[in-house]
C-alpha cells in the first residue's frame, strides 16, 4: 500500500481568511503525524494565498516524517527551497487566477527551465517530483529532466462520472504508472482524491505515495484531524 502525504494548505486557508494566527499549520501537522500520516505536503504559491514562507520554515524544523514542498519552477522559489531544504520538492504549474492546481506541468513545453530547476535542487540533495498528467509524452519529458519522481495528476479520474468513465481514467493512470517505472521514475499521485475514490488508485502497481488535502481537511471540520487521517488510511486499503 502506498504511504499517505497529507496536504495541510487549507488549514492556512482558514487562517488567512481572517488574517489571524490560527489555526496554525504547524500544530495541524503534529496532529496529522500523530494520527499516522507518512508525510506533510504544503504548496507555497507565488501569491502566498494560504501557506506563508514562515509556515514552511517552521514545518521544516518540526515535521518528523517528511516535508514535501510544492512550488512553481521559478528562480525565486528554487532559491527559497535551497535555503529551507525540504525533504522533497514537487514542481507544479501555477496560475494566479486558478482556485487550485488545474492540470499537470507541461514539462515537454518547458524542458529547459524545468530541467534547470531539477538539476539545481537535486544537486543540493533535494529529490524532485514533477506533477504531470498521465500522458506518455509528459512522462518521457520528465525522465529527460533527471527528476526522481513524478506525481500523477488524478483530477480527471476524480471528476469522472459513471463507472465506465472512471474505469477508463483509472486505466490511463495504471498505464502511466507502468510507463513511468519503465522510464526509471518513481511514482506518486494526487489531486481530487477522496474517501470514496482513493482505493483503486492506492492499488496501482508501483504507487508509492498519495498526496491528499481537501478531502481530509473537509472531513476534519466534522470529526477532527486525527480521525479524518485514520479514516483516509483505512479507505486506502478498502474495497
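Note that Cβ sites are derived from N, Cα and C of the backbone, with glycine treated the same way.
Here the structure is a predicted model, which means the values were calculated and not measured.
All protein chains shown were included, and the count of other CB atoms within 10 Å of the CB of residue 43 (active site, proton acceptor) stands at 25. Residues or ranges marked as active site, proton acceptor in Swiss-Prot: 43 (among others).
Swiss-Prot lists 70 (among others) with the feature active site, proton acceptor. Look at residue 70 (active site, proton acceptor): DSSP puts it in a strand.
The active site, proton donor annotation in Swiss-Prot covers 191 and is backed by sequence analysis.
The feature 3-amino-2-oxopropyl phosphate binding site is assigned by Swiss-Prot to 7, 18, 192, 213, 214, with sequence analysis given as support. Counting only same-chain residues at least 6 apart in sequence, those with a Cβ under 8 Å from the Cβ of residue 7 (3-amino-2-oxopropyl phosphate binding site) are 41, 42, 43, 70, 190, 211, 212, 213, 214, 216.
Its Cβ placed at the centre, residue 45 (1-deoxy-D-xylulose 5-phosphate binding site) has 19 other Cβ atoms within 10 Å. The 1-deoxy-D-xylulose 5-phosphate binding site annotation in Swiss-Prot covers 9, 10, 45, 50, 100, and the record cites sequence analysis as its basis.
Sequence annotations record features per position, and here Swiss-Prot assigns site 'Transition state stabilizer' to 151. Secondary structure at residue 151 (site 'Transition state stabilizer'), as computed by DSSP, is strand.
Of all the recorded positions given, namely 10, 50, 191, 214, the one with the smallest number of surrounding CB atoms inside 10 A is 214.
The most crowded of the binding-site residues listed here (192, 213) is 213, judged by how many other CB atoms sit within 10 Å of its own CB. Ranked by Cβ neighbours within 10 A across all protein chains shown, the recorded positions 9, 70, 151 are led by 151.
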